[in-house]
Amino acid sequence: MPLLVMKFGGTSVANLDRIRRAAKRIGVEVAKGYDVIVIVSAMSGKTNELVGWVNETSPLFDAREYDAVVSSGENVTAGLMALTLQEMDVPARSWQGWQVPLLTTSAHSQARIEDIPTQNLNQKFGEGMKVAVVAGFQGISPEGRITTLGRGGSDTTAVAFAAAFGAERCDIYTDVDGVYTTDPRICEKARKLDKISFEEMLELASLGAKVLQTRSVELAMRYKVKLRVLSSFEEQTDEAGTLVVDEEDIMESNIVAGVAYSRDEAKMTVVSVADRPGIASIIFTALSDEGVNVDMIVQNISDEGRTDMTFSCPTDQVARAEKALLAIKDAGGLNYAELVADTDVCKVSVVGIGMRSQSGVAAKMFKVLSDEGINIKVITTSEIKISVLVDRKYMELAVQALHDAFELDKAA
Ligand code: ADP
Ligand code: ASP
Ligand code: MG
C-alpha cells in the first residue's frame with residue numbers, strides 16, 4: 001500500500017470540531033487507497049500550560065520530569081483522533097512514542113531520534129489498520145524514560161516517520177497555508193512561496209521561523225523526504241501549500257528569500273575578564289555543561305588586559321547561564337567584575353542562497369535599520385544569512401522594513 005504521513009499542529013487539533021475536520025481530511029486520503037500515519041501535536045496552548053506548571057514548581061527543573069509532564073498533551077490528542085476516525089468507520093489506532101517505539105537519545109527536553117523500528121506499525125497495517133495516529137514530540141530513551149524532541153518537535157516526528165516508512169509524502173498541516181517570505185502574522189505584505197529550498201528553510205527555521213522545526217528540515221534533506229506545508233483550514237488540492245525542495249528545483253529566486261525573527265533571545269555580558277588564552281574555553285565549557293544553548297558570541301576590544309565577553313542565549317536559559325557563570329567566578333582566574341543580562345532583545349535575520357554570489361546585502365540591511373533609528377547590538381553572518389540582535393520593541397518594525405527594502409512581496 002502507498003503510505004502518507006500527515007501531521008496536524010496544535011491549532012489544527014485545538015478542539016473536537018477541529019479534530020473532526022482533520023479526521024475528514026485523513027479520510028479523504030484513506031479513500032484514495034493510502035495507509036496513513038498521522039502525527040498529532042497537543043491542543044494549542046496545552047504544551048505552554050504544561051511548561052508553565054513545571055517552571056512554577058521547579059525553576060531549574062530535572063529535565064526527565066519536565067519530559068514526563070510536557071509530553072502528556074500529545075497523548076490526549078492521539079487518543080481523541082483515533083476515536084474520531086473510528087466513529088467515521090476508519091480503522092485507526094493510537095500510539096504513544098514508547099509503544100512504536102520511537103527511540104531517542106537521553107538528552108531530555110531536546111532528545112534526538114535514533115531509530116524508528118517499523119515492525120509494530122507494519123504488523124497492524126497488515127491486519128487492516130488504515131491509520132496509525134502517533135503522538136508527536138515524544139520518544140523513549142535507552143534508559144526507558146519518556147523524552148521530548150524540543151519545542152515544535154512534532155514536525156520532526158512526522159519527517160522521521162516519513163523517512164522510516166518510505167512515505168510518498170509528508171504533509172505538515174498548520175494554521176497558515178504554507179511557508180511565507182516572513183511570518184504573515186507580523187508582516188501583512190508577506191508572500192506565500194510555492195517552493196523553498198531545503199538550505200533556506202533550514203536557516204529560516206533555525207533563526208526562528210517556527211513553521212517547521214529545524215531538525216525536521218535537516219532530516220527531510222538527508223533522507224530526501226518530499227515535504228509540504230499546508231493549511232488544515234482550507235480545502236486542499238494536490239498543488240496546495242509550499243514544497244520544500246532541492247536548490248536546483250528552483251528556477252528563479254530573490255537574493256533574499258525571507259526574513260526571520262526570534263523573540264526569545266537574551267544578551268549576556270561577562271564584564272571585565274582577563275584577556276588571555278583559555279578564558280573563552282572556561283566560560284563556554286561551563287555554559288555547555290549546564291545545557292545552555294549559546295548562539296551569538298562577541299568579544300570586545302581589550303582594554304589594559306581586560307575584556308568583555310558577550311553572548312546570546314534563549315531567554316528561558318538565563319537562570320541556568322547565571323548559575324553556570326557564578327559557579328566559575330573565581331575559577332582559573334576568571335574573576336569577572338559583573339554579569340549583565342539584557343532580556344529585552346530579539347534577533348532579526350535575512351536569509352537567501354543568492355547571498356553566496358551577491359555582495360552588499362549586509363550593507364543594505366544595516367542601512368535600512370539605521371534609517372529606522374534601530375541600534376544593532378550584535379551581528380553574526382554565515383554564507384547565506386545575516387543576523388542582528390536589536391531591542392525587542394523594534395522587532396516588527398525591523399522585519400517589515402527589511403521585507404520592504406528587499407522587495408520580498410514581489411516574486412523574482
Ligand atoms: P503548528 O501548531 O501547526 O505546529 P506553529 O505555530 O508551530 O504551528 O507554526 C506555524 C506558525 O509559524 C504560523 O502561524 C506563523 O505565525 C509562524 N511563522 C513564522 N514564520 C513563518 C513563515 N516564514 N511562514 C509561515 N509561517 C511562519
Ligand atoms: N506540542 C509541542 C510544542 O508545542 C510539540 C509540537 O507541537 O510540535 O512544542
Ligand atoms: Mg509547530
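Cβ coordinates are placed from backbone N, Cα and C, and glycine is handled just like the others.
Here's what TrEMBL has on this protein:
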BINDING   Lys7, Phe8, Gly9, Gly10, Thr174, Asp175, Tyr180, Arg185, Lys210, Val211  ATP binding site
BINDING   Thr47, Glu74  substrate binding site
DOMAIN    268-348  domain 'ACT'
DOMAIN    350-412  domain 'ACT'
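A map of TrEMBL features onto the structure.
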residue : record                 : Cβ contacts under 8 Å, 6 or more apart
Lys7    : ATP binding site       : Val38, Ile39, Val40, Ser41, Gly136, Ser154, Asp155, Thr157, Ala158, Cys170, Asp171, Ile172, Tyr173
Gly9    : ATP binding site       : Ser41, Ser44, Ser154, Asp155, Ile172, Tyr173, Thr174, Asp175, Ser232
Thr47   : substrate binding site : Gly10, Ser41, Val70, Gly73, Phe137, Arg151
Glu74   : substrate binding site : Val40, Ser41, Ala42, Gln96, Ala135, Gly136, Phe137, Gln138, Ser154
Tyr180  : ATP binding site       : Ala190, Arg191, Lys192, Leu193, Val211, Gly258
Lys210  : ATP binding site       : Arg151, Gly152
Site extent for ATP (largest Cα pair distance over Lys7, Phe8, Gly9, Gly10, Thr174, Asp175, Tyr180, Arg185, Lys210, Val211, Å): 22
Sequence-ordered binding-site residues from Lys7, Thr47, Tyr180, Lys210 with Cβ under 6 Å of an atom of ligand 2: Thr47
Helix-strand-coil residue split for the domain 'ACT' (268-348), DSSP-based: 27 helix, 31 strand, 23 coil
Integer average pLDDT (0 to 100) for the domain 'ACT' (268-348): 91
In sequence order, those binding-site residues of Lys7, Gly9, Thr47, Glu74, Thr174, Tyr180 whose CB lies under 6 Å from ligand 3: Gly9
Summary of DSSP states over the domain 'ACT' (350-412), given as helix, strand and coil counts: 29 helix, 14 strand, 20 coil
Number of Cβ atoms other than its own within 10 Å, given for Thr174 (ATP binding site): 24
Cβ under 6 Å from ligand 1: qualifying binding-site residues of Lys7, Gly9, Thr47, Thr174, Tyr180, Lys210: Gly9, Thr174, Tyr180, Lys210
Local backbone state of Tyr180 (ATP binding site), from DSSP in three classes: strand
Structural state of Thr47 (substrate binding site), classified by DSSP into three states: helix
